[in-house]
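Annotated features in TrEMBL:
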ACT_SITE  Asp58  active site, for OMPdecase activity
ACT_SITE  Lys60  active site, for OMPdecase activity
ACT_SITE  Lys60  active site, proton donor
ACT_SITE  Asp63  active site, for OMPdecase activity
BINDING   Asp9, Lys31, 58-67, Ser115, 168-178, 190-191  substrate binding site
DOMAIN    3-206  domain 'Orotidine 5'-phosphate decarboxylase'
Amino acid sequence: MTEIILALDVMKKDKAVSIVQKAAPYIDKVKIGYPLVLAEGLGIAEILSEYKKPLIADFKVADIPNTTRLIAEEVFSRGFSAIICHGFVGHDSVRACVETAHENMGECYVVTEMSHPGAVDFFHGGVAERIAELVCEAGADGIIAPATRPERTAVLRSLIGNKKILSPGVGAQGGDPDAIAGIVDGIIVGRAIYESSDPAAAARQYSCFRTGI
Ligand code: O7E
């Protein structure tokens, strides 16, 4: 079973609520990041909590350990269930994020390789693999790996064992859910759902990956 995670990159509270309300039966979690939080504030988390979907804070934290801890503490105090940080910042910053998440009964996911074309400029050549090793050493709950490059995500899967993989890039970025669903634990989908004239129907299209049938 692969979870469907809605990337809620809309800029208005009303639209955010409406999309979650419509897509709720067909999604497992909601990922919120800079677009919505900068536009509407972190209080949007409390508003969306009404829909009982675990909220993932996608701030791709990339800072020194102390600042990372401050950001993570604020995130978990607002009811998020997970936080995402970058891995290239190194072991102490990743550990700070993992520890703060676990102290708050939350999860920490680490970006190993991104989904856009330019990601190959720095993540290839062994960097993503090193980050995957760091994820295991730091005790993180899982990684973010690209749906746009299933062959790379398969390599990263071989390095992290049964830790979770959440994978963005399906839909608008061209990633094929059939090619990635079997390798990962969650597919992150944004525009293919929230830009649709019928977000419920758009989200429902991914239901086969949730049930495995
Ligand atoms: O392309 P979309 O509209 O389906 O949205 C994809 C979402 O996943 C969007 O929020 C984007 O910021 C995020 N994302 C990527 O697209 N690629 C990555 O490599 C990483 C992320 C991401 O969410 O990282 C943390 C999970």
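In case you wondered, yes, glycine gets a Cβ from its N, Cα and C as well.
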Averaged pLDDT score, the domain 'Orotidine 5'-phosphate decarboxylase' (3-206): 98
Integer Å distance between the CA atoms belonging to Asp58 (active site, for OMPdecase activity) and Ile64 (substrate binding site): 17
Cα proximity to Asp58 (active site, for OMPdecase activity), best match among binding-site residues Gly171, Gly175, Gly190: Gly190
Distance-selected binding-site residues near ligand 1 (C-beta under 6 Å), from Ile64, Ser115, Gly171, Gly175: Ser115, Gly171
Inter-residue Cα distance where the pair is Lys60 (active site, for OMPdecase activity) and Ser115 (substrate binding site), in Å: 14
Three-state secondary structure, which DSSP defines for Ser115 (substrate binding site): coil
Distance from Lys60 (active site, for OMPdecase activity) back to Gly171 (substrate binding site), taken between C-alpha atoms, in Å: 21
Residues near Gly190 (substrate binding site) in space but at least six apart in sequence (CB under 8 A): Leu6, Ala7, Leu8, Asp9, Pro168, Gly171, Ala172
Distance [Cα-Cα, Å, rounded] between Lys60 (active site, for OMPdecase activity) and Gly175 (substrate binding site): 21
Rounded Cα separation (Å) that holds between Gly175 (substrate binding site) and Asp63 (active site, for OMPdecase activity): 29
